[in-house]
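Notes to accompany the following structure.
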Amino acid sequence: MQQADERRVDDAIAQDGVAIRVRGLRNSFGDQVVHEKLDLDVRKGEILGVVGGSGTGKSVLMRSIIGLQTPDEGDVCVFGEAMVGRLDDEALAVRKRWGVLFQGGALFSTLTVAENVEVPIREYYPNIGPKLREEIAAYKIRMTGLPAEAGPKYPAELSGGMRKRAGLARALALDPDLLFLDEPTAGLDPIGAAAFDDQTRKLQQTLGLTVFLITHDLDTLYSICDRVAVLADKKVIAVGTIEELLALDHPWIQEYFNGPRGRAATAAVEREKNKVASASPEGRQ
Amino acid sequence: MNKAAELTEEQRDGGTVIRLSGNLAIACLHDLPARLDAVQGPINAVDVSQVDHIDTIGAWTVHSAAKRLNAPITGANEDAKRLIEAVGTLDEPFSLRPDKVSPLTRVVGQIGDAVISAGTTLMGLLGFFGASLVAAWGLIRHPSRFRVNAVVQRFEVVGVSALGIIGLMSFLIGIVIAQQGSVQLRQFGMEMLTINLVGRLTFRELGVLMTAIMVAGRSGSAFAAQLGTMKLTEEIDAMRTIGVSPMEALVMPRTLAVVVMMPLLGFYASIVAVIGGGFLCAVALDIPPITFVQRLREVVPITDLWVGLIKAPVFGIIIALSGCYQGMQVKANAEEVGLRTTAAVVQAIFLVIVIDAFFAVFFTWVGWN
């Protein structure tokens, strides 16, 4: 009990600069324990990549943070507000400040893309008139790189990649400070995935977002993540930049980043760097 | 930080300047967009130097107002400038609504669509019936492909689990018929005829008909929802690619289960309804059960039982096929699963009653009355 109190004091001191603070999280399904004493901080304004093998509870961690899953134990603070055990209609001030992109987009299938984007605005800000709401929906849709014709379409008429972009547009509808992305590039072709990464980076810079990004995509990790958190053994075993993680001597991390795919992604990043380095002197001449 | 957005008009350098201040984020905008819309030109500039905080929605509001009034935006700090520029590049004409059509065209179009969909449904159901016959023939030729476990499992879901509710419903129906009948027949002093009424009505018509309605509601709807969801999650496509015919694996067991269970449930329902009627006769009309049974044997011909039992499997086929057919028609979204489920039940009950009318005429024609 005393420990818990101390932890709260710690939280109060170090609240600045931290968007999400998870302490002592425990999740279990029946006998199967997914998380045990899991701690994680997400700093404001960073893109934090979350990686881990299948079944290590990446999505469960996200669901615990956004309150879709009530943990057995532990505290979750988002912008300094405790989120564990809050009902769906509580802590609205925090809920308005985050946007969530689910794996399949999770668009409301009976509404058009534009109506999907309008839902959060309509729900939280009824004072915004229909005309402005439509304009907002239109520029949000274009912001995510969808063509304007996508607005009146239904989710079933869109491809997987377009559905993800539409889901992103809905997640961005309220100009959130915090964005949760659950495997945003899974199932996209490499070109589409790279474009999506680009878009995410650009949006993060323009809007000053904090991004919690679950991914299996090594290219995404290398190209846009500021820090990477590794989930294994029921907790976050390491958080840091990829260089920092590579310096660690954990078999799973080594396997993950130094496996064939990891090496390919590293090589690609190196090539990019070299290209920039070799191109710039010529540019100056 | 949470100061509401404010708008003031100022005279400066011989022209009007709109000065925005406070927090221009969505939570603090309140009626600012409406007030900006109400501003009439000419305006020299939109000044945002007093704005503490701005998000893209605020930036959009400023951008569209400045564009409408054809005035430059001044005093923007770095944040504001970046956001206003960002939304400015996204400002293109758009249409978020499907094109409007005139009411006349719409009504005519809807009537046409309804006719076409009724026709295609009927044809589809007929085609589905044909496909199920082909599948059944396939199973007869290759009995090893027959899925015994699936069928037995359906027996339980369709038949055994329904015993409670169908029994209760039939018992009450029996009581209601006997009670209402006796009230009318008492006026002629022929209360004994209540037994004829209960016996003949339940065995010929009500036992099987009420069972069909209950099975359509319980199992037909479940079939449509199950298959519809499997269609949405691409389970049925996966099945096809593995070489398993959904007709054989999904539709046949369900159809067979309903076809076998309907006569059993119908018979059970008739018996329970007769017991209900007998119960009321004993309690309210002072007809002892022994007399009731004796009289029943005299007035209810065995053909009444055959009438009920012949109709039952036919009703079963209709219920199972319309449930499975509607389920297999699900395409786009979750809402359609609901619509198709409703359609399956309505269609099944409607067709059961239509066929029942044909049967009534037919059995009278062959002399089983």
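Quick reminder: no glycine exception, Cβ is built from N, Cα and C everywhere.
Whatever TrEMBL says is automated annotation, not expert-curated.
If you check TrEMBL, you get these features:
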DOMAIN    B:5-118  domain 'STAS'
TRANSMEM  B:114-137  transmembrane segment
TRANSMEM  B:157-178  transmembrane segment
TRANSMEM  B:256-285  transmembrane segment
TRANSMEM  B:305-325  transmembrane segment
TRANSMEM  B:345-368  transmembrane segment
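For the domain 'STAS' (B:5-118), the DSSP counts in helix, strand and coil order read 51 helix, 29 strand, 34 coil.
When each of B:114-137, B:256-285, B:305-325 is scored by its Cβ pairs under 8 Å to the transmembrane segment (B:157-178), the top-ranked stretch turns out to be B:256-285. With a cut-off of 8 Å between Cβ atoms, the residues of this chain six or more beyond the transmembrane segment (B:114-137) that come close are 245, 247-248, 251-252, 255, 317, 321-322, 324-325, 328-329, 347. When averaged over the domain 'STAS' (B:5-118), pLDDT in the model lands at 83.
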